[in-house]
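S.K.: According to TrEMBL, the feature domain 'Ig-like' maps to 129-238, 249-331, 350-412, 419-499. The feature transmembrane segment is assigned by TrEMBL to 531-553.
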Amino acid sequence: IAVNQTLASIWQCKKMLKIVSSLSVSPLALGLYTVNAVYGDTITMPCRLEVPDGLMFGKWKYEMPNGSPVFIAFRSSTKKNVQYDDVPDYKDRLSLSENYTLSIKNARISDEKRFVCMLVTEDDVSEEPTIVKVFKQPSQPEILHQADFLETEKLQMLGECVTRDSYPEGNVTWYKNGRVLQPVEEVVVINLQKIVDKSTGLFTMTSSLQYVPTKEDANAKFSCIVTYYGPSGQKTIQSKPVVFDVHYPTEKVTIQVLSQSSTVKEGDNITLKCSGNGNPPPQEFLFYIPGETEGIRSSDTYIMTDVRRNATGEYKCSLTDKSMMDSTTITVHYLDLQLTPSGEVTKQIGEALPVSCTISSSRNATVFWIKDNTRMQTSPSFSSLQYQDAGNYICETTLQEVEGLKKRKTLKLIVEGKPQIKMTKKTNTNKMSKTIVCHVEGFPKPAVQWTVTGSGSIINKAKETKYVNGKFSSKIVIAPEENVTLTCIAENQLERTVTSLNVSAISIPEYDEPEDRNDDNSEKVNDQAKLIVGIVVGLLLAALVAGVVYWLYVKKSKTASKHVDKDLGNIEENKKLEENNHKSET
């Protein structure tokens, strides 16, 4: 106690000297040492004095606001013992090392003082002050009490930016999309409030923002930043950005056609959607349909099912107060097909049959014909019906630009005809048999029966070719020992036709037109017939030329003998007689 009283007296004397010296020396010239400490950490203050000879003890104190000293730690240089004064704020927090470095655990704001290290000898007391500064980083700022939504052209509270437990006090700045929001009268109003906790000395800062939003503030990001000082200088902490729902009135109405394809055809469903660009968007609209004088009140969608071609026209929608309107034109595409005749039609061979396929459509349509699953190059036309004209005909039309719009109708044409028969015969190359052929035409397919005239016996060994285009052949092979007459009978629902043919005995050769015909393809037969006719005409022309040459030769050979002429005449006469006999037999 006596030592403290003595030191206090010395303190007062030195204080007076410092007051006098401060009149001519600035505080910076005193070379004060500052220790920056983080709140809650340990404060370490070395004694920056050289230990003098004859040191008795070292002591630490701090100054009260009124300048009076408070001693807190003592260490003897001889006994090596340490004593801590009974100061409640520093109980169990102090530590004084052998080199007189003072450590204070769990730094507080109240530790921000002027501490003094004192080294005492018998003759002198040396002192060295140290300034302690304590810093506390604030919490990350939060935007609290946020507005549920913002309305344009109206000043309203956006929210409050709050940051806590800061020391020293910081500053709060508002940002929009990364740019500083500067106060603007009646548009941007910012108020900052700072509150200190008396128990801890820490600051809580609250900055409120009143703001007049615009339509462009939709999706804008608002944030706030607190600027504070730490041991190493100025720093900042940013809040999480906040996006507000900005309400603004509708300025434009738009109508749309919702469809799975870009075009509409008869039978489709049409969904009209009307929308406004306000926020929140309008929930009800008036829809104006072609043919309706009054608007139809509905939600933002209006559905029409199974539309017809008369639904083509202009469609409109507006707000319920009719203040804004938009329109669109819808074309309902259609395709009609009329086939005359259609269905199943039965005609007789040789008759005429006019066929027409009439198209009515919203756009130019593509028409094509199909016969028996094969696409035709031209439309069918029947001036004289043939058996090959029979079949299943399809007239089909499509609109290329309209997906799924296709129509088709069918004509099943049946060409009927009474049986027609032509019989041929020839001797086979082996000279042992003859082939008799009955060529038959008719529809429905005639049934063929062979009989032998006279005996009336029926021949059941006939072979038939394939029935194509109303034609086929029935063939028998016989070896008659005498002349016979064969009868071919062809019968269908229309008529019974009978034709007979005389056939000579096997010993007498038969000559008839070739049987080389293909009933499976009549067009090929016609082509072959044309070829044969051409060959025959060519041979006749060659024979005519040879005859002329021969005549000229004979004319020049008048010196030939009459006997020879007579013999040649006889031979030529015999040859002509033989040819006449053969023709008679045929």
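Cβ coordinates are placed from backbone N, Cα and C, and glycine is handled just like the others.
All TrEMBL annotations are machine predictions without curation.
Note that the coordinates shown come from a computational prediction; the quantities given were computed from them, not determined experimentally.
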S.K.: Would you list the DSSP helix, strand and coil counts for the residues of the domain 'Ig-like' (249-331)?
M.R.: 3 helix, 40 strand, 40 coil
S.K.: What are the helix, strand and coil residue counts for the domain 'Ig-like' (350-412) according to DSSP?
M.R.: 3 helix, 31 strand, 29 coil
S.K.: Mean pLDDT across the domain 'Ig-like' (129-238), rounded to an integer, is what?
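M.R.: Mean per-residue confidence for the domain 'Ig-like' (129-238): 95 out of 100.
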